[in-house]
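Notes follow the structure.
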Ligand SMILES: Nc1nc2c(ncn2[C@@H]2O[C@H](COP(=O)(O)OP(=O)(O)OP(=O)(O)O)[C@@H](O)[C@H]2O)c(=O)[nH]1
């Protein structure tokens, strides 16, 4: 087989969905029908192959994205299972970075829920071509066409219906394929492994004709060839239709829609066919770009074996005490036993093993090329979001933006032996999860964990106790703030000490001034070039930046300030970097004291969906919580209220919304920015 043929055969896909839409069940069925797993694990029995962490089994939700490779009709499909809870959007983003295509799974009863919208928009942002699978057609209240309409309204997607369901709720028996114009019926006795393809039932023929007509109309709108043939009423063969759909999907113009019931084993094989037919191979997506770490010059990473290596670490997991890094190769080859270079850390690393992943089972391989997504053992220092390349061809792939942790809890070890374990365990968690931050409270000595949301921290503290047998008392969740200053202020400090027989001297005057929100921190020097040795200016900058890591009010990071070095005094000898770093840090603290420091609240973007009747109460409640209403959009009998609200006002919101709307309101929220609360 030619190399390009091999790349053509790869489909790197993710399954994205709202919590409970059925991603795990769909993935399970995919593994079953592709022959990699011989038993269907039901999520509600806590047996699913992908959900292998105890916590996930107990909660029935998928927390960690696991990648798994399977084969379908000669193609390699690599599935990344992504989490649906908004606390874990970072995991979703990480996976989206390395995918070439995605399947959105929707529940036919719940339709497109706010969190599916969030994930869908993230996929849009990364320009990921998508398909949709409308699941749970066997459930009471299932509404296939209603869900398709919601895709138009809520996701602003252009759905292309390729199948219509036959029967609904407990009568759901199969689908009509609108391209082949055939009816597919699944055999319940073989868990859906066998199915028959035959003529469309007479009473469904008219519907099928109408939806096939619609399919052509939709396709003709985005494809000139189809348009011409359609207008001229010429016959269009199926291969041409498939080809046009593939092009439109990859060009992000249309979203092919399929349907079924994963739990009842219906609809999965055509979904696999469609993944292969319509979603892109690594050759079909634009080559990603990186930059040269020094010159900043743009470098393209074509999916070619001969090109220099460019690979991205998108996840790090600690499994059985070993660090396993998940890597996507874009260009070149990754070879077991070889050295790779991490330019972000200026470090060489050795790859000891490359593993193809099947949920928690692994297969060793010697070498992989472009398009591969594999687990790698042996990387010591590299972490999530970093690039691996060849030392003689350094490249930095774009950094991923991480979300701010906004909630924290204090944890206290229960016994002395727990105390010893705690630090090690936390180190492991931090290696896996860049959104988790840990610091020690200087006053109480407690460890403070900060994360993306209450559930995120709950899962971490519960894994700590169960997987690592480290028992802790967990405090109440607290909001994580930032600190900044209101007014410009100056600080001066001298550090003059003899330590271990050496004199250290440094004297610094600097000014802090407020910057607009979201600008971050900056450092500048106003000194003439020869006034202070460059190494000492660097030492001042280091002191400033370190000092800004914890503010004077409550020890939260200080943001949005500019520090300018105004003056520095040296002596004949003893002008050390250490002294200038410490003096700078002391000067910053003085300036913070003078600058009217204040707290910045995490402000959340909140979206509430309520039936019309309850709108007044819900808006009143949001106002009472110091929220700002940004938009109100009516939609099919409900109102979508978009608001920004300080996180500290959102504790207990779900209970209060439930009682204000007789349980009919739903909401989602996401971190927006730090600002005055
Ligand atoms: N009736 C019915 N139930 C289904 C179907 N697919 C999944 N379920 C059930 O819906 C629940 C959620 O399914 P999961 O597969 O865990 O959903 P998920 O989207 O992976 O959820 P998270 O992992 O929590 O994000 C489970 O109880 C499944 O058994 C379906 O086609 N029909």
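The backbone N, Cα and C atoms fix where each Cβ goes, glycine too.
Taken verbatim from TrEMBL:
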BINDING   17-24, 81-85, 135-138  GTP binding site
DOMAIN    8-283  domain 'Tr-type G'
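Recorded features from TrEMBL, shown on the structure.
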{"residue": "17", "record": "GTP binding site", "Cβ within 10 Å": "30"}
{"residue": "20", "record": "GTP binding site", "Cβ within 10 Å": "17"}
{"residue": "23", "record": "GTP binding site", "Cβ within 10 Å": "29"}
{"residue": "82", "record": "GTP binding site", "Cβ within 10 Å": "27"}
{"residue": "137", "record": "GTP binding site", "Cβ within 10 Å": "29"}
Assigned element (helix, strand, coil) containing residue 17 (GTP binding site), judged by DSSP: strand
Mean per-residue pLDDT computed across the domain 'Tr-type G' (8-283): 84
Residue 82 (GTP binding site) - helix vs strand vs coil (DSSP): coil
